[in-house]
Amino acid sequence: MRKLSFLDRVIEELDSYARFTKVPLNPSKKSPSSDTIDGKLSEIEKKHSAGLMRVDYTGEICAQGLYRGQASVAKSPQTKEHLYHAAAEEYDHLAWCGERLQELGARPSLLNPFWYWTSFGIGAVAGSISDSLSYGFVVETEKQVMKHLDSHLKSLPVNDNRSREILKQMYIDESEHAVEAEKAGGKKLPKTVKAIMKLQSKVMTTLAYRF
């Protein structure tokens, strides 16, 4: 098997990004909301739910970018495989959120290309330093995503049963991903790096909710 050139990798990532942003996506697992019936939502409630799900969709776009960026420069084959596997599992979350956005009559954030490639760059930089730092970013990312999911579960309209089932399953999965990354040797990130990640996350959630 020939080694991929830099150009080959660029083309591969562009193709992957094109697949991630194509709606609807084809998840490997059916949505947790498949057998759930919604209560009646007012237009205001529907708009709020759409904003929250748009944020969660963008969060999954960021996860795809981060993991694929890390995997593209991973030091060991095991780390590379672990990260691509994590990205594949996050793909289901992306598909579920995209499907729910369609049900709510909403679209993904217009800024997703920016967030994907920014996350890809951060992942590539972290991954080029060391695998342990790369796993550290996974741990911190998953913990921040879990905080968002928890706040969204509390903020969802009472009757938005379908969105709630999706976010509950995502929370469980993200928790498992964080534990797996810690077991793989995730290095604890400096407080400054965590603060920057939180700031970036705050900007992303604010913009994605509206745009």
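Any Cβ shown, glycine's included, is placed from N, Cα and C.
With E90, E174, H177 listed by Swiss-Prot as binding Fe cation 2, the candidate from E45, E103, E140, E142 annotated for that site turns out to be E142. E60 is the only one of E13, E43, E60, E81 that Swiss-Prot places in the Fe cation 1 site (with E90, H93, E174). Here E60 (Fe cation 1 binding site) is positioned 10 angstrom away from E142 (Fe cation 2 binding site), judged by their C-alpha atoms. Secondary structure from DSSP puts H177 (Fe cation 2 binding site) in a helix. Other than the site residues E60, E90, H93, E174, same-chain residues with C-beta atoms no more than 8 angstroms from the centre of those residues' C-beta atoms, the Fe cation 1 site, are G59, A63, E89, Y91, D92, L94, V145, M170, D173. The binding-site residues shown are E60, E90, H93; of these, the one with its CA atom nearest the CA of H177 (Fe cation 2 binding site) is E90.
Report note: the Fe cation 2 site is defined by E90, E142, E174, H177, and the residues of the same chain whose CB lies within 8 Å of the CB centroid of those residues, excluding them, are A63, A86, E89, H93, V138, T141, V145, D173, S175, E176, A178.
Within its own chain, E60 (Fe cation 1 binding site) has E90, H93, L94, C97 as residues 6 or more apart in sequence whose C-beta sits under 8 angstroms from its own.
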